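K.L.:
Annotation source Swiss-Prot lists sn-glycerol 3-phosphate binding site at 12, 82, 83, 134, 244, citing sequence analysis. As annotated by Swiss-Prot, ATP binding site applies to 12, 13, 14, 266, 310, 314, 411. Positions annotated as ADP binding site by Swiss-Prot: 12, 16, 266, 310, 411, 415. Here Swiss-Prot flags 82, 83, 134, 244, 245 as glycerol binding site, drawing on sequence analysis.
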């Protein structure tokens, strides 16, 4: 009887395969990085063939390290970097171009042209998304318009489009020899081509971006048996797909409305489950699909993205030389009792949710002769917590649903000082789970549910365990004063970049 589930975690910089047991404990993992390709300023690409080769390799390596055979796996789940766009030839399996990565901004001008007629929110009611080069639709349109023969191949069904999950599933299930061309609802919701109401491709959106329907994958549930793998693990069911941030929400077992998680990495991604109906945002958030279990209604989410959090620590290390390693920031920040009145607003390329101010730029404010390296380090950590509070308050305003606690994951959660201050400034507990790989765990859970390895969502809740919990310690007046100072600092960052400068 199979006693493990495997998860492919295909990220922006690397691909991993992680094997979990029935308790959600990691048995083994393998990882390989792939090349970041920068053909021009603002362009970011990946080689889909390299990603597939690495996926194939880490699957074999990870399973071997676990001491298991393919038959020991009940299912395989997939989680992936979202929005990254692949176009390939279904006859040969060869990409028509390198994948255009979610960070790529080559379509900024075409998106701005669309926004001139109706504004950046003109399609938000249908897709939940503002007009942005971030999402897949404009990237696919660029490929169809700039790759020789691509549009003709797309129109006759010879070319296939997909986000990274689609590319992996197609290759895992046979490639040119009958590979499945599918994507799940979470990834489809990030293309700007899917209707949140119907969970199908929207004909009007296809018309706006001039996308032939024949090029698109079939949209499936996030947890459902899609078929069986053929290579490298013949016969093992493919049971689930989730975009990376939705996978983290699922891995954190945020299955009820009002439950939220925040992933602390280079930036932060906060998601809140809003239940079975989409919640429109008037506070600068994105409305998206959280997940859909096979045969059940979908769960929706509000998402807020913060551009610079962990990257601010890297800036202190690499640009200012205040620390020699990122791990040193906690000790430096603890060398002082508070921020000394110093605030750092990390608007290096503007501010994301909930402000969305392209004209903002970074600042350090509140400096006196009293301020020292420790105060600046502490202010950098506190900036992450302040920005998270702004996003969570926007979520509560949009949804009308209070967030009782925040489940935290990602690399920065090892910083106890940050996690304590996060609880203090939110005035609610923050929790770090015992299993830190929540993104891969979410993909494993989705796949295991589909195959009966886990029976119910309650089985998954029973697996979730707290590694550490932080409760608020500061008084309400101190919290109010600290956040008021942050708000004043943020306002002063606005308008630095002049439109015609």
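Each Cβ is built from the backbone N, Cα and C atoms, and glycine gets one as well.
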K.L.:
Using Cβ atoms only, which residues of the same chain lie under 8 Å from residue 16 (ADP binding site) while being at least 6 residues apart in sequence?
P.N.:
8, 9, 29, 30, 31, 58, 62, 440
K.L.:
Cα-Cα, whole number of Å: residue 244 (sn-glycerol 3-phosphate binding site) versus residue 13 (ATP binding site)?
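P.N.:
Checking the Cα atoms of residue 244 (sn-glycerol 3-phosphate binding site) and residue 13 (ATP binding site) gives a distance of 13 Å.
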K.L.:
Quick one: pull the CA-CA distance for residue 245 (glycerol binding site) versus residue 82 (sn-glycerol 3-phosphate binding site), whole Å only.
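P.N.:
Checking the Cα atoms of residue 245 (glycerol binding site) and residue 82 (sn-glycerol 3-phosphate binding site) gives a distance of 8 Å.
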K.L.:
Excluding 82, 83, 134, 244, 245, which residues of the same chain place their Cβ within 8 Å of the centroid of the Cβ atoms of the recorded glycerol site?
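P.N.:
Filtered neighbour residues, in order: 81, 84, 102, 190, 243.
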K.L.:
Does DSSP put residue 83 (sn-glycerol 3-phosphate binding site) in a helix, in a strand, or in coil?
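P.N.:
The three-state answer is coil.
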K.L.:
State the count of C-beta atoms found within 10 angstroms of the C-beta of residue 411 (ATP binding site), not counting that atom itself.
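P.N.:
Cβ-Cβ neighbours of residue 411 (ATP binding site) within 10 Å number 15.
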K.L.:
Can you figure out which of 13, 266, 310, 314, 411 (the binding-site residues) comes closest in space to residue 82 (sn-glycerol 3-phosphate binding site), comparing Cα atoms?
P.N.:
13
K.L.:
In whole Å, how far is residue 13 (ATP binding site) from residue 134 (sn-glycerol 3-phosphate binding site) when you measure between their Cα atoms?
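P.N.:
It is 17 Å, counting Cα to Cα.
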K.L.:
Based on DSSP, name the secondary structure state of residue 415 (ADP binding site): helix, strand or coil.
P.N.:
coil
K.L.:
How many neighbouring Cβ atoms, not counting its own, are there within 10 Å of the Cβ of residue 13 (ATP binding site)?
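P.N.:
So the Cβ neighbour count for residue 13 (ATP binding site) comes to 12.
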K.L.:
Rounded to whole angstrom, what's the largest C-alpha distance between any two of 82, 83, 134, 244, 245, listed as binding glycerol?
P.N.:
15
K.L.:
Across the listed ATP-binding residues, 12, 13, 14, 266, 310, 314, 411, what is the farthest Cα to Cα distance, given in whole Å?
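P.N.:
Result: 19 Å between the two most distant Cα atoms.
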K.L.:
As a test of the contact definition, list every same-chain residue at least 6 positions from residue 14 (ATP binding site) whose Cβ is closer than 8 Å to its Cβ.
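P.N.:
Counting only residues 6 or more apart in sequence, the Cβ neighbours of residue 14 (ATP binding site) under 8 Å are 31, 32, 33, 34, 54.
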K.L.:
Give me the CA-CA distance between residue 266 (ATP binding site) and residue 12 (sn-glycerol 3-phosphate binding site), in Å, as a whole number.
P.N.:
12
